[in-house]
Amino acid sequence: MRLPPAILANAEEVLREILRFSAPADTTLSRYFKDHPRLGGRERGAIAECIYNVLRNKSFYTDFSEAGGGATMRRLTLLGMSDAVGVESLGGLTEEEVAWVERIMQIDRKLMHKSSRSNMPKWLFDKLVEQMGEEETLLLADGMNKPAPLDLRVNALKDNREDVAAKLLEAPIRSTPTPYAPLGLRVLQKPALQNLPLFKDGHIEVQDEGSQILSAIVGAKRGEMVVDFCAGAGGKTLALGATMRNTGRLYAFDVSEKRLSKLKPRLARSGLSNVHPVLIAHERDAKIKRLAGKIDRVLVDAPCSGLGTLRRNPDVKWRQQAGAIAELQQKQAAILDGAARLLKGGGRLVYATCSFLDDENDFIAQQFIATHPDFELVPMSKVLAEQKIALEMGDYLKLLPHKHETDGFFAAVFERKPMAKKASKDEAQDSAE
Ligand SMILES: C[S@@+](CC[C@H](N)C(=O)[O-])C[C@H]1O[C@@H](n2cnc3c(N)ncnc32)[C@H](O)[C@@H]1O
């Protein structure tokens, strides 16, 4: 059955708003659906897919939508919808529009100019070509333009991967073990999980395999003192707490009360009682100073451009500005420096981002080592071997969708050298402040 013509008008209306890029696309879309309760499930699905198609393929679509007659926004919507449901499923199109869409759909996208083919803003395309070459940039762009699969992490406190897979199958939801993360399951469809007892009782959490790997390389152990410095809504906190088998102390710091408040219901489901959420004002907060030199492991999942999550949030590449990266770098370095003070001798500091830009990754890691002689880099190959994760990496973790089928993630691990007597005394004084 064809979709009613009004759906195109709805999609065009919300697309116009989203392309102003004044708010994240998913926020605008949810609000639009709330304001239009009469839209049914199929219509909502088609509109959402149309919007995400436009965000993923904006350069390609725009090249063709700006030429010819008719309003550009209508043409963008037509292309997004046709890629979503097929032009034959759209009601209310003129013959001319159908012919135009069919013509565009037949174009071999590989023949387009490389920058358009990448569907990225020019500054980002140029930066990536400089960083990894043109061929790799296009592969990355293609990988980032595919929707992400749905990954789950099994809560080892409550269940194991095999049993969860069997229980999911009863639902019936088919899943396969993730290739690298030991507790991950990749779900082959996109089912609603919220009402499943497995979810409500905290046996599973939704978490990209990359994020699970990142939590694993922190290497948190039973009885340790651990800090998740930028905990947000606690995706990685929950994984760390379970790795610690609900023992020791795990501090979840963040400057955002709103984000930390989202951790609470997740904590309740998870069964963890070793987690202590702490709202901090900034990375030099007195609450942090009290713990200086006392912590075994610190994860800094730093605020970043978020470009590694383009599979889920394709609007990020259009919303992010080239100039914002320098500002982020300053913040990243400051947070890392603040977090480093927490570690005891022999303790490990993990710096992570969900970005694939060297500026936010290698650069920050190298700058940290150059300015912190009391730390040394632990090669990622060593860290991964310790965790028995079968991934080949050099000094750093660099996960990319076209290579590992995960979001884009970066991580570097530093170990604090055993502290000299004087340094320990200084830290003790710090912590007394
Ligand atoms: C990439 S997000 C963290 C995501 C989270 N770890 C997770 O797994 O869901 C970065 C977080 O850093 C927080 N943040 C920003 N500035 C900070 C600061 N100075 N100290 C601590 N956290 C900060 C942000 O509020 C945000 O929640």
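All residue numbers here begin at 1 and follow the chain in the order shown.
From the backbone N, Cα and C atoms, a Cβ is placed for every residue, glycine too.
Taking Cβ-Cβ distances under 8 Å and a sequence separation of 6 or more, the neighbours of CYS354 (active site, nucleophile) in its chain are GLY210, SER211, CYS304, GLY306, LEU307, GLY308, THR309, ASP407, GLY408, PHE409, PHE410. What TrEMBL lists as active site, nucleophile is CYS354.
The S-adenosyl-L-methionine binding site annotation in TrEMBL covers ASP254, ASP301. All protein chains included, ASP301 (S-adenosyl-L-methionine binding site) registers 26 other Cβ atoms within 10 Å of its own Cβ.
Positions annotated as domain 'SAM-dependent MTase RsmB/NOP-type' by TrEMBL: 140-417. On the 0 to 100 pLDDT scale, the model's mean across the domain 'SAM-dependent MTase RsmB/NOP-type' (140-417) is 97.
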Query raised in the report: CB neighbours of ASP254 (S-adenosyl-L-methionine binding site) within 10 A?
Result: 23
Query raised in the report: For CYS354 (active site, nucleophile), which DSSP three-state class applies?
Result: coil
